[in-house]
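Notes for the one structure printed next.
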Amino acid sequence: MKRTLGGTSRKRKRTSGFRARMRTPDGRNVIRARRKKGRHRLSV
């Protein structure tokens, strides 16, 4: 039997992708914080 916990890339990108983050001021803060911290991946 297959599990239902697959994870859909479209949903993931839409909610926590780079462009989704840039859309809101708080999302921009997230990107800014991750840049400052030196994260290799800024978003999903």
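Note that Cβ sites are derived from N, Cα and C of the backbone, with glycine treated the same way.
Pulled from Swiss-Prot:
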- 1-44: region 'Disordered' (REGION)
- 1-22: compositional bias 'Basic residues' (COMPBIAS)
- 31-44: compositional bias 'Basic residues' (COMPBIAS)
Folded-back contacts onto the compositional bias 'Basic residues' (31-44), same chain, C-beta under 8 angstroms, at least six residues removed
12-13, 16-18, 20-22
Count up the helix, strand and coil residues in the region 'Disordered' (1-44) according to DSSP, in that order.
27 helix, 0 strand, 17 coil
